[in-house]
Amino acid sequence: MDFFNYRQNRLFAEDIALSEIAAEFGTPCYVYSRATLERHWRAFDDAFNAYPHLICYAVKANSNLAILNLFARLGSGFDIVSLGEMQRVLAAGGKPEKIVFSGVGKREDEIRAALQAGIRCFNVEVAGELDRINRLAQELGVVAPVSFRVNPDVDAKTHPYISTGLKENKFGIAIEQAIHEYRRAAQLPYIEVIGIDCHIGSQLTETRPFLDALDRVLALVDQLQAEGIRLRHLDLGGGLGIRYRDEEPPLPSDYVSAILQRLGQRDFEIMLEPGRAIVGNAGILLTRVEYLKPTSEKNFAIVDAAMNDLVRPSLYGAWQDIIAVDTNSCAESLTWDIVGPVCETGDFLGKGRELKILPGDLLAVRSAGAYGFTMSSNYNSRPRPAEVMVDGDSVHLIRARESLEQLWAGEQLLP
Ligand code: LLP
């Protein structure tokens, strides 16, 4: 459930009409709902009841400081994949001891900074990373908390670009090699092994692949325990899907109770790294129709948002709902391809959409809160859109629209 609903034919975000937001902040513009963000975060947190757990929100899904700050206020942890994401979390008031650091290519400066900040855990994905962390921890005179991200070789049954838990993917340490790395880590003086981690992909709409992965991870955990390597936490990554169209993903509560059931008597702290399931349906991209261009082949609605603002449709062929902000239009209902101004045939937000629209009308691209702004670019020298957050009957600018000067800030002419 989210808080983007029609009231008398006008689309609202909580108690604010989206047409008012467009008038005040311009378009294209990302609009988020605070109530939806908090509701979705709590759906994960509450599902655990008293069971020890930490929700580590995956920053890559949406890294706006205001959003990170809302989650930090709720007591959230954070899953980061770069130094930039760590600094965002800290700038937003997140606690270092609630940060886990994932990613296959952690640089030395990133590891050093994370050790200095005192993060909760490194999710190690490459054998060489373990030695690098051990050496840097020695240099800094600290002991590094680590877990291994294992690759359980499970088919997540999702888009191949966002499937990560198969042998052929670059992520994690093959589950059959992991035991060797755990033994090695147990001998390293500046490493403390505290957990195990896996993340098999994103936009999963069934529980089964998660449970298959968990079974494999638990088999390894039991084997480690028999060797005297005791782990404190189990991090199951993110990946729970959302409804874009007609998907019916499990609710966080069903997903969590299935996990807890599988654990039996084992007493671990459970960590999850959800991104999309928390922020995806808490945001929309607001855009205005610039021109209508009916041709003999197709009807094109050219809008002011483009693939640089929201790349998911172009990159993955992702389907996101596109709805009129005012449904009281006298226009006739026609089928439109919703396209942007960027000079690429792949620049579309949606194809074959039945809409009643006229030039100047506003459209909302739904489910744009995750991997929307964070994957935006300046392609075609387009300043990135504004981001606003609605909170009941008030609205706050949480990122100003980029200025033209910002496009070339940092660039230099030759002498
Ligand atoms: N943890 C790790 C280690 C990850 O790699 C990811 C996502 C997450 C957590 C969060 O996954 P989520 O709960 O959001 O599914 N850009 C793509 C999605 C890429 C996901 C990458 N990793 C998209 O727009 O569909």
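Note that Cβ sites are derived from N, Cα and C of the backbone, with glycine treated the same way.
Please treat TrEMBL annotations as automatic predictions, because they have not gone through curation.
It should be emphasised that the depicted structure is a prediction, and the values quoted were computed from it without experimental measurement.
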Of the candidates Gly239, Gly340, Gly346, Gly350, which does TrEMBL annotate as part of the pyridoxal 5'-phosphate site that also includes Glu273, Pro274, Gly275, Arg276, Tyr371? Gly239
Does anything in the same chain, at least 6 positions from Lys60 (N6-(pyridoxal phosphate)lysine), have a Cβ under 8 Å from its Cβ, and if so what? Val81, Glu85, Gly275, Tyr371, Thr374
Among Gly239, Glu273, Pro274, these being the binding-site residues, pick the one whose CA is nearest to that of Tyr316 (substrate binding site). Gly239
Of the binding-site residues listed (Glu273, Glu344), the greatest number of other CB atoms within 10 A surrounds the CB of Glu273
For Gly239 (pyridoxal 5'-phosphate binding site), what residues in its own chain, 6 or more apart in sequence, show a Cβ-Cβ distance under 8 Å? Ala156, Thr158, His199, Ile200, Gly201, Ser202, Gln203, Leu204, Phe210, Pro274
What is the total of other Cβ atoms whose distance to the Cβ of Tyr316 (substrate binding site) is within 10 Å? 14
